[in-house]
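Below: the structure, in structure tokens.
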Amino acid sequence: MKHLHIIDSHTGGEPTRVVVSGFPPLGDGPMAERLAALARDHDRYRTACILEPRGSDVLVGALLCEPVSAGAAAGVIFFNNAGYLGMCGHGTIGLVRTLHHMGRIAPGVHRIETPVGDVEATLHDDLSVSVRNVLAYRHAKDVVVEVPGHGSVTGDVAWGGNWFFLVSDHGQRIAGENVAALAAYASAVRAGLERAGVTGRDGAPIDHIELFADDPEHDSRSFVLCPGHAYDRSPCGTGTSAKLACLAADGKLAPGAAWRQASVIGSVFSASYERAESGVVPTIRGSAHLSAEATLLIEDDDPFGWGIVS
């Protein structure tokens, strides 16, 4: 029998499952190398942790790793039901809150190593977390794709730690009771991008679709379709970062100015950015709450011990 020690939290409604122990050794190299080793040699640990019967499509996993640098608080590898994520904003907030719960960090500034670079996370006295993300930038503006049943859809391609297609003119109602229709629409847009061969830099697949609308109380409200067809309950940290990159490129938001991004369920991130040579460096602030601490058990004779894999 195998044992996986996990701590669950949610950030604005979006769950994060931090794996404290139980995964196999992945070496002591950079997080990108360890991610590759996990995906290549031990992917069944991801499926056991994230897929049913122990997990769900909405869950994001965060494998806690020893960092390469002695000056970093932790290393992390993010994953979900579809595979692996280079970076995860809500997951980083959940990880930092979990590290505090474990007694490993106190309020202050901490460095977290991820597969796409180091991020700076500040744990505030009220236990909210600010994440200074990796570089974000717009890759392409006003990209037009044909979406069957919806006609032409125009959006921007941007990087915020993951690849996004951001759409404002979509005609959809962004509300919690409309998520099924939103997911179907966003999925059709993603399929349209694939058919048209629209990608991120170096042919990277665009696996996140982000829809925006006006919000009466905040700067914007969004719906984000993640890889694997689950939607983000939080405002999406990497998606908000990609949005800031587009706003900055269009001259619609000044450096240091606050942007309040609401999610489809109403949770909120506060964000701002600093200019950089080839894009912007975003900072996202939000809060996570602990929800469970447990040991997942994998019995040797369990036919679904490694998850229900379709």
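Note that Cβ sites are derived from N, Cα and C of the backbone, with glycine treated the same way.
Of the residues His42, His110, His124, His208, Swiss-Prot places His208 in the same substrate site as Gly89, His90, Asp232, Gly237, Thr238.
Cβ proximity to the substrate site centre (mean Cβ of Gly89, His90, His208, Asp232, Gly237, Thr238, cutoff 8 Å) flags the following additional same-chain residues: Glu14, Cys88, Gly91, Gly160, Gly161, Asn162, Val224, Ser234, Pro235, Cys236, Gly239, Thr240, Ser241. Looking only at the active-site residues Cys88, Cys236, the densest Cβ neighbourhood within 10 Å occurs at Cys236.
Cβ packing within 10 Å was compared across the binding-site residues His90, His208, and the lowest neighbour count falls to His208.
For the recorded site, Cys236 (active site, proton donor), the DSSP three-state label reads coil. In the three-state DSSP scheme, His208 (substrate binding site) is classed as strand.
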